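As C-alpha cells, the structure follows; a few thoughts come after it.
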Amino acid sequence: MLSPAPEEPLLLAELKPGRPHQFDWKSSCETWSVAFSPDGSWFAWSQGHCIVKLIPWPLEEQFIPKGFEAKSRSSKNDPKGRGSPKEKTLDCGQIVWGLAFSPWPSPPSRRLWARHHPQVPDVSCLILATGLNDGQIKIWEVQTGLLLLNLSGHQDVVRDLSFTPSGSLILVSASRDKTLRIWDLNKHGKQIQVLSGHLQWVYCCSISPDCSMLCSAAGEKSVFLWSMRSYTLIRKLEGHQSSVVSCDFSPDSALLVTASYDTNVIMWDPYTGERLRSLHHTQLDPAMDDSDVNISSLRSVCFSPEGLYLATVADDRLLRIWALELKTPVAFAPMTNGLCCTFFPHGGVIATGTRDGHVQFWTAPRVLSSLKHLCRKALRSFLTTYQVLALPIPKKMKEFLTYRTF
C-alpha cells in the first residue's frame, strides 16, 4: 500500500553570501556543495568567495517545520558543557568545490587529533574536508575551526569528496585531473591509492554505506564502480546517453542512482549491474524554450535517509521529490539555478545550493517506514543481491528484497 502523496516542499529558510561577488579570479559565487554532519549537528556551505560557512543545526526556531526535531548536538559536539556551538567561517584561500564531513572517529583515530591538540588527546572530534580549485584538500576540525591537514596530489579542481561511513577516516577525492585518490587520515593524510581510468573530469564520488563499493561519475556516459577493499574496477555501468554528473547509494547499499545531462536518473543494482528503472525529467513549463535540449539537464540526485525517496535538482528550475516505487515525481518546488541537494540525516529537510551562492532549506516528506521496508533495509545492509537470490525463500520475497517489484 502506497503512503499518501507528500505535500509540496515549503521553503523554510534561505541563506545568502555575506558579501557581494567580486569579479576576479580569486572568487566565485556558486554553491557547488552543501553537507550536513552525519549526526545532524552541523551544516556546511561552500558559499563562494573561497569561504565555507559552518553553521550549527538546527537553525533558529522560526525556520524549523512543525513536528521537526533535530537530534541533540550537545552530547558529542560539546562533551564538557562549554556552551552552544557557534557559527564558523573557514577561509580556504581557493574556490571551494567539494565538502565532506567525517563520521565520528573511532578511538584509534584520536592519535591524529592528539598530535595537533595535545591538551585534549582523549576527545575525538568531527572534521570537515574541503576540495579546492587548485587541487588541494584542506582538513578542518569543526568544533574549533582549526586547519589540521593539507593534502596535496591532485593536479586540478577537487570536485567531490566522500568519507567511508564506517569511521575509519578513509577519504576519497574526485578531481578534474580525471583521477580519484584515496587518503588515510589516520596516517596523517597519506595517499594510499590513485584510481585511473576516466577520460573526462570526475564530477562525483559516493561510497556505499557498507563501505564495500565506490561509485564515480565523470563527464562520460558510463559510471565506474570500484571495490573499496582492493581499489580495483568492478564494472562500468552503461545506459546514459550523456555525461553523468551525480550518484548516490541507498542507505542499505542495495541501490545506486545516477543522474545525467540526458535528463534521466537511472536506478541500478550495483551488485549485478542491472538497470532497474529510469526516471525521466520531462518539461513542465510550456513557456520555457523547448528548443534547448538541455533544459532539463540534471545537476544532483540524493537518497532520503530512510531510503524511500529521491530528490533531484535540474536546470528546468525545479526541485523534484520521487517515491521509490513510482515513475513520476510526487512533489515539486520551484528553485532557480540549482546545483546540488542533500537530505538532513534524520529526515524532514532538504538543503539545496544554487549558482548565485544561496542555500535553501525545504520541507521533505516524513514517512513512517513499513515493517516490510525496515526488514528489507536491515537484510540488505549485509546481504548482497546474489546472497538474497540464494536464500530458500519464495520468489516474490526475493523480488521484494532485491527491489524488483517496481
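A Cβ is built for glycine as well, from the same backbone N, Cα and C atoms used for every other residue.
Predicted, not measured: the structure shown is a model, and the values here were computed from it.
Database features (TrEMBL):
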{"type": "REGION", "residues": "68-89", "note": "region 'Disordered'"}
{"type": "REPEAT", "residues": "128-150", "note": "repeat 'WD'"}
{"type": "REPEAT", "residues": "151-186", "note": "repeat 'WD'"}
{"type": "REPEAT", "residues": "195-236", "note": "repeat 'WD'"}
{"type": "REPEAT", "residues": "237-278", "note": "repeat 'WD'"}
{"type": "REPEAT", "residues": "291-325", "note": "repeat 'WD'"}
{"type": "DOMAIN", "residues": "370-406", "note": "domain 'SOCS box'"}
Structural state census, the repeat 'WD' (151-186) (DSSP three-state): 2 helix, 18 strand, 16 coil
Beyond the flanks of the repeat 'WD' (151-186) by at least 6 residues, Cβ under 8 Å: 32-33, 38, 97-106, 108-109, 111-112, 127, 129-139, 192-196, 198-207, 209, 211, 214, 216, 218, 226, 228, 231
Secondary structure content of the repeat 'WD' (237-278), with strand meaning DSSP E or B: 0 helix, 23 strand, 19 coil
